[in-house]
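As annotated by TrEMBL, transmembrane segment applies to 6-25, 46-63, 83-102, 114-133, 139-163, 175-197, 213-232, 296-317, 337-366, 386-411.
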Amino acid sequence: MVNSEFVLLILSVVAGAYMAWNIGANDCSNAMASAVGAKVITLRQALVLATVLTFLGATFVGSHVARTILNDIVNQETIKNPVLVWLGLLSALFSASLWVCLSTYKNLPVSTTHSIIGAMIGVGLVAGGPSVVHWSKVGFIFLSWILSPILSGVAAFFIFKFIDRTILSRLDTARGAVFVSPILVAATVFIVTLSLVSKTPLGDKLQINGSEALLIAMIAALVSHVASFSILKYKLNQGEFAVAEQIFRYLQVMTSCYVSFGTGANDVANAMGPLAGIYYIYCHGAIAEQTPIAPVLLAFGGVMICIGVWTWGYRVIETMGSKITELTSVRGFTVEFSAATVILVASMMGLPVSTTHAAVGAFVGVGLARGLQGLLDLGTLAQIMVYWLITVPVAAITSALIYMGLILLFMGSSL
């Protein structure tokens, strides 16, 4: 079966590359959508920033050790044959990739993580029936479908109301910006810094514990508050009154860059984790609970993510940036800051959340905060929600069919 194993290995590399490409086209691209929609940066600038930051995140901060996703969804004791595990991982990669690709073609943002999870459920159902699936873990993950958009939407609603009341609706807008904007700058720097160094591969490499991460984030926030207050006060004294819009433009670019970097770092394992597990089986003929992801695989995943950003990233950016609600730099900042905050808090609480779902929820929250003039595109929102709801079942069914086909093709019999 040497020739068959080599063919499977080639198919696995193709599947991993295809999945990484889809991550770039869908997940990583939507991080820049609000900045493009608010016309803070151009589409080309967004693609360049997303490409560089997602590659850096995936290659240098991406997780170097990934649990085989199958372990989290399926009782692995039921699949003792390494080749069956291999075929399951391959089926999941192809199934999730096909679904994300279709969603991107339709210009709709979906969660690549949920796609992979749905695909793994399909593998488990074929391998041993409903009893082998860890439904409690699956249910915990499904909780994110509800939590992500609701929490980020509520956060965006109240943050925008706060900004509107303290800055935008004041007669003396510039003076309000001088005193309120530094608080928002400090909060943004605090969230971004804490997100990068707390319970992340970067924090692990730097050997930073929780209290140290909190201290670093607080110091960075304090410095940024003092600096921004001094700069804004100086500009106001010089007669520059358009400081509110300027500061939010900078803040939005910063938060968008952070989300792009974080998405590359977190999501590369969705493609390269299964591929690393497959390569381990190919080399050792055994199943590993934790599989090291070689730096070359992270770099390979990063390159494919970048290609995805450049080739099809504009499709999701168009939907997220302009079709849900009208954006300005203030609204765009609110979207990115709310999504990033919810993701950080949820991660620290151990709750699984989707970056994509959080971002869409924040868009809706900003639209609702604007009132009747918010002009939410309910048709686009309905399409997005339908695709969210059917992601797991479609990925599961597709994966199950692919899994059975691969078993028949490479092992000559079904389970």
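Using N, Cα and C of the backbone, Cβ positions are placed for all residues, glycine too.
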Count the CB pairs under 8 A between the transmembrane segment (83-102) and each of 114-133, 139-163, 213-232, 337-366, then give me the winner. 114-133
Among 46-63, 114-133, 175-197, 296-317, 337-366, the most Cβ pairs under 8 Å with the transmembrane segment (386-411) come from 114-133
Same-chain Cβ contacts of the transmembrane segment (114-133) under 8 Å, 6 or more residues past its ends? 69-70, 72-75, 78-79, 84, 88, 91-93, 95-96, 99-100, 141, 145, 270, 274, 354, 388, 391-401, 403-404, 415
For the transmembrane segment (175-197) and the transmembrane segment (337-366), check the count of CB pairs under 8 Å (sequence separation 6 or more) and say whether it reaches 3 or more. yes
Are the transmembrane segment (139-163) and the transmembrane segment (296-317) close, by which I mean at least 3 Cβ pairs under 8 Å that are 6+ residues apart in sequence? no
Long-range CB partners for the transmembrane segment (46-63) (under 8 A, at least six residues beyond its ends), listed in sequence order, are 24, 28-29, 31-32, 35-36, 200-202, 253, 256-257, 260-269, 272-273, 293, 295, 298-299, 301-303, 305-306, 309-310, 313-314, 317
